[in-house]
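Enquirer: Before anything else, here's the structure in question.
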Amino acid sequence: MASDDPIQTESGASERLPLLRQDDRDTEDQPAKPNRIINHDDVLSSATRSLTTIGMCLLLIILLDIGLSLLSTGLLQVQEDIVCQKLIHDDPEQQRDCKDKNVQTELSIIQSWQVVFDLLPGLLMAVPIGIIADKYGRSLVLGLSLLGITLSYAFSSAVCAFSNIFPLRFVWFSAIFNFIGGGVTGFSAMIFCIAADLSTEEQRSTTFFYLGAVMLGGAVISNPITYWVMETFGTWLAINMGLFLMALTTVVGFCMPETLKLKQNLSELQPDGEDDSPILRPTMTPTATATATATRHDGTSTINNSYGDVDPALPGTMKGFRLWVTEQISSGSAEARQFLHIIVKQEPRVGLLLLCLLLTTFGRNAQVMLQQYVVAKFQWSWSKAGLLISIQALVSLLLLVLILPAIAQLLLRILSSRDSHTAAQVKDLWLARSSILVQVLGALIIGFAASPGVLIPGVVLQALGSGFNPLVRGIITNLLEGTKNNGDDNDGSGRVEILGLLYSVIAFIETAGSMVAAPLLAVAFRTGLELGRSWMGLPFMVAAGLFGCALVIVGCVKA
């Protein structure tokens with residue numbers, strides 16, 4: 001009846017005036033919802049925002065590579081000078097021999113333990129930061145990780161600057177700051193997590209290719225930049241420039257547009273993605289959400305921030321704070337249990353592929369010994385052996401930027417008759433199998449090479465397999481995209497939001513694998529030296545075996 005419609009009759013409006021005023025916001029928002037769903041400007045705006053976010057990620061990677069190179073190289077030089085000054089008491093008018101055995105031994109002790117201490121916070125914080133990223137947002141953890149890295153290097157710089165007050169080994173305490181956001185481990189996890197949020201199934205592995213290429217390119221350009229700065233302006237200016245770049249990356253990290261809810265927002269823009277809820281979720285941009293407020297049914301105030309959903313009521317008392325902490329621990333434990341349930345029961349392929357990443361992490365660490373292996377077996381100079389690293393970097397860069405993306409697009413066209421999910425999975429699986437196969441062949445050729453002419457093709461072959469890691473990341477993400485949660489979920493869409501936890505676990509696996517693999521492969525190299533020239537490549541033979549195990553596992557995984 002017309003009279004039942006409060007908008008149609010004045011009497012109805014008068015009788016229901018309080019209800020109208022209470023729902024006035026809903027009444028105004030309702031007609032706008034279909035407009036937003038079919039509005040192409042919204043789609044364009046979301047695409048632009050995604051490209052901007054990816055661009056910021058690439059900028060962060062380059063700035064971080066340059067900043068860390070300036071800091072690590074500069075601090076290494078300063079620490080050598082400090083150790084040299086304290087251990088060698090020669091005539092002050094004569095130049096000290098800072099390459100003395102005692103100096104280098106003490107410096108190696110400081111550096112080796114520093115690496116271990118720097119990695120430990122990332123290992124211990126991997127799961128917590130993943131849960132935090134899934135609950136409060138990627139940009140929060142990204143910014144915190146960069147803040148922790150910056151404070152860590154600032155502390156080390158201060159110890160070196162006041163070495164007359166602090167023992168040099170105090171730099172080990174700088175690792176404490178890496179508990180803020182998980183350090184480099186947390187940064188790597190969040191970069192890949194943001195890229196996964198912004199990419200489709202078909203293009204996710206290609207996005208990871210480009211991320212890997214930028215990481216490799218940043219590492220390549222940072223070394224000559226560091227050399228030029230230190231030679232031109234001095235060591236301490238290089239350190240200060242590195243700290244400035246790290247501070248800049250921290251600011252950029254905190255300003256990163258949030259991607260936690262981006263997929264849901266994009267789906268709401270599609271005609272067939274209409275939500276039954278009368279109010280659309282806001283686009284997750286810091287400026288749009290930082291000042292938005294809401295009211296809960298119990299009357300307590302909450303704040304919509306740029307890190308995800310509406311926060312719980314802010315605890316105003318110690319009791320409220322304890323309850324809040326208990327809720328967070330309970331929520332995090334539930335998410336961790338759900339993740340284990342998924343990889344063990346719902347989607348065991350994810351667990352198998354995570355095992356592949358662990359095996360290939362062991363294998364890839366053999367590359368650290370490539371120069372030493374070539375110098376020992378073929379009596380090359382260190383500078384000549386360094387050319388092999390340049391060859392590897394160049395081949396990997398071309399592979400990630402040009403070859404693999406082109407092949408991926410070709411395979412998608414060939415598989416166009418299948419649905420997009422299956423096509424993406426088949427494409428990534430075949431590329432992953434090919435990549436790990438060439439790594440097996442490359443490692444075998446390097447390990448058994450009797451001459452440099454045989455060695456170099458093996459180096460090139462192994463570099464051609466460097467797309468395996470981003471491909472497996474893409475496959476795992478796509479598998480989890482289809483996973484449904486039987487209980488409550490974070491975004492109300494029925495899909496488990498565990499990407500942050502996933503990429504933190506991957507970072508944990510790779511970090512732990514590297515820590516364990518380095519000494520084991522060193523033992524393998526020493527064993528090879530004892531067995532004779534033909535067995536000097538034992539680390540690469542072991543790596544080939546590990547790659548072979550990964551090949552068998554990937555071969556058994558079906559799309």
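Including glycine, each Cβ sits where the backbone N, Cα and C put it.
Per TrEMBL, the features are:
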type	residues	note
COMPBIAS	1-12	compositional bias 'Polar residues'
COMPBIAS	21-31	compositional bias 'Basic and acidic residues'
REGION	1-36	region 'Disordered'
TRANSMEM	51-71	transmembrane segment
TRANSMEM	113-133	transmembrane segment
TRANSMEM	140-166	transmembrane segment
TRANSMEM	172-196	transmembrane segment
TRANSMEM	208-230	transmembrane segment
TRANSMEM	236-256	transmembrane segment
TRANSMEM	350-367	transmembrane segment
TRANSMEM	387-415	transmembrane segment
TRANSMEM	436-460	transmembrane segment
TRANSMEM	501-523	transmembrane segment
TRANSMEM	535-554	transmembrane segment
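Situate these features within the shown structure.
Expert: Sequence-distant neighbours of the transmembrane segment (51-71) (same chain, 6+ residues past either end, Cβ-Cβ under 8 Å): 142, 146, 149, 153, 157, 187, 191, 194-195, 198, 207, 210-211, 214-215, 217-219, 221-223, 225-226, 229, 238-239, 241-243, 245-246, 248-249, 252-253, 255-257, 259.
Away from its own ends, the transmembrane segment (208-230) comes close to residues 57-58, 61-62, 64-66, 68-70, 73-74, 77, 191-192, 195, 237-238, 241, 393, 396-397, 400-401, 404-405, 408, 466-467, 469-471, 473-474 of its chain (Cβ-Cβ under 8 Å, at least six residues beyond either end).
With a cut-off of 8 Å between Cβ atoms, the residues of this chain six or more beyond the transmembrane segment (350-367) that come close are 342-344, 392, 436, 439, 443, 462, 468-469, 472, 475-476, 479-480, 505-506, 509-510, 513-514, 516-518, 520-521, 539-540, 542-544, 546-547, 549-550, 553-554, 556-557.
Residues 202, 205-206, 209-210, 212-213, 216-217, 219-220, 367, 370-371, 374, 422-424, 426-427, 430-431, 455-456, 459-460, 462-464, 466-467, 470 of the same chain lie 6 or more positions beyond the ends of the transmembrane segment (387-415) yet place their CB under 8 Å from a CB of it.
A Cβ distance under 8 Å defines the sequence-distant neighbours of the transmembrane segment (535-554), meaning residues of its chain 6+ beyond its ends; these are 352-353, 355-356, 359-360, 362-366, 369, 373, 376-377, 429, 432-433, 436-437, 439-440, 443-444, 446-449, 465, 468, 472, 521, 524-525, 527-529.
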Enquirer: Can you tell me which of 113-133, 140-166, 501-523 gets the most C-beta pairs within less than 8 Å of the transmembrane segment (172-196)?
Expert: 140-166
Enquirer: With the transmembrane segment (236-256) as the reference, find which of 113-133, 140-166, 501-523 contributes the most Cβ pairs under 8 Å.
Expert: 140-166
Enquirer: In the same chain, who gets a Cβ under 8 Å from the transmembrane segment (501-523) while lying at least 6 residues past its ends?
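Expert: Beyond its ends, the transmembrane segment (501-523) has Cβ neighbours at 116, 119, 122-123, 126-127, 129-131, 133-134, 182, 185-186, 188-190, 192-193, 196, 335-336, 339, 354, 357-358, 361-362, 365-366, 368-369, 473, 476-477, 480, 539, 542-543.
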